[in-house]
Amino acid sequence: MSDLPGIVVTGASGRMGQMLMRTVLASDKARLVGAVERPGSEWVGRDAGAAMGGAAIGVTVTDDPLEAFAQAQAVIDFTSPEATVRFAELAAQARAVHVIGTTGLDPAHLEKLEWAAHHAVIVRAGNMSLGVNLLTRLTQKVAEALDADWDIEVVEAHHRMKVDAPSGTALMLGEAAARGRGTDLDRARVSGRDGITGPRAPGSIGFSAIRGGDIVGEHDVIFAAAGERIVLRHVATDRAIFARGALRAALWGQDKRPGQYDMIDVLGL
């Protein structure tokens, strides 16, 4: 077992953190060697397995990420932009693969990740599932095939606790549509229309967000023209798909050169 890649999960007490730890524990290709929480969390100092309501697993939750990362070959990180930037620096010091599922990263955050990627492998994606990454490829292909008479809209739905909008996945799909159109998403993007907005701007890519209940994640890419419509859709019913994808990325990155990668690279799409 000790020759298997060691994985550290950050944000251990969160829903995704717990799912990630369970996924690693259930795997015969990796081992859980660390769990990180923010200072002051009631989980710090507790056995991670017991904190999740199960049997002890011999991994104590810590608020010292550098100590945890030093014994790991990979870090899986679904936290906040500020925490992720800090973890990227520490993972680079430890030369650990850093798998990032955190969303809401701005250009300043991305610049810091670029620096960290000079020293370690970073795999970053707005969504780690196979289905969504296939949808991303399809979105680009359809956008390439259709002319400007087809309007593009991205509609996403998530649970009431999600704090950012549009979702990272929605933006990933929008980027794919923009690439297919040969345009820049920053110029084409229109988010959350309200009031008297006037006619739709030609070439724009619209985003709408729904928040409610316990929706895991739903994404529609709509291509609409006069008299017809194409809808590409992905529905996630279990966040375990993201955890499995993240673990796959952590294992894939073990023999790669430092740099930034995404799930398209991991999946070979």
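Numbers here mean position along the shown chain, with the first residue as 1.
Glycine residues also receive a Cβ, built from the backbone N, Cα and C atoms like all the rest.
Lifted from Swiss-Prot, the feature list:
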| type | residues | note |
| --- | --- | --- |
| BINDING | Gly11, Ala12, Ser13, Gly14, Arg15, Met16, Glu37, Gly101, Thr102, Thr103, Ala125, Gly126, Asn127, Met128 | NAD(+) binding site |
| BINDING | Arg38 | NADP(+) binding site |
| ACT_SITE | His158 | active site, proton donor/acceptor |
| BINDING | His159, Gly168, Thr169 | (S)-2,3,4,5-tetrahydrodipicolinate binding site |
| ACT_SITE | Lys162 | active site, proton donor |
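Here the features listed in Swiss-Prot are painted onto the structure.
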{"residue": "Gly11", "record": "NAD(+) binding site", "DSSP class": "coil"}
{"residue": "Arg38", "record": "NADP(+) binding site", "DSSP class": "coil"}
{"residue": "Thr102", "record": "NAD(+) binding site", "DSSP class": "coil"}
{"residue": "Ala125", "record": "NAD(+) binding site", "DSSP class": "coil"}
{"residue": "His159", "record": "(S)-2,3,4,5-tetrahydrodipicolinate binding site", "DSSP class": "coil"}
{"residue": "Gly168", "record": "(S)-2,3,4,5-tetrahydrodipicolinate binding site", "DSSP class": "helix"}
Open item on the list: Using the alpha carbons only, what distance in Å do you get between Lys162 (active site, proton donor) and Gly168 ((S)-2,3,4,5-tetrahydrodipicolinate binding site) once rounded?
Closed with: 11
TODO: Only counting partners 6 or more residues apart, tell me which same-chain residues put their Cβ under 8 Å from the Cβ of Thr169 ((S)-2,3,4,5-tetrahydrodipicolinate binding site).
DONE: Gly126, Asn127, Val132, Glu156, Gly217, His219
TODO: May I have the list of same-chain residues other than His159, Gly168, Thr169 whose Cβ is within 8 Å of the Cβ centroid of the recorded (S)-2,3,4,5-tetrahydrodipicolinate site, in sequence order?
DONE: Thr103, Gly126, Asn127, Glu156, His158, Lys162, Ser167, Ala170, Gly217
Open item on the list: Using a Cβ cut-off under 8 Å and a sequence separation of 6 or more, which residues in the same chain sit near His159 ((S)-2,3,4,5-tetrahydrodipicolinate binding site)?
Closed with: Arg211, Gly212, Gly213, Asp214, Ile215, Val216
Task: binding-site residues near Gly168 ((S)-2,3,4,5-tetrahydrodipicolinate binding site), in sequence order, restricted to Ser13, Arg38, Ala125 and a 10 Å Cα cut-off - done: Ala125
Open item on the list: Show me the subset of Arg15, Thr102, Ala125, His158 whose Cα is within 10 Å of the residue listed as 'NADP(+) binding site'; these are the recorded positions I mean.
Closed with: none
Open item on the list: Return only the integer: C-alpha distance in Å from His158 (active site, proton donor/acceptor) to Ala125 (NAD(+) binding site).
Closed with: 17
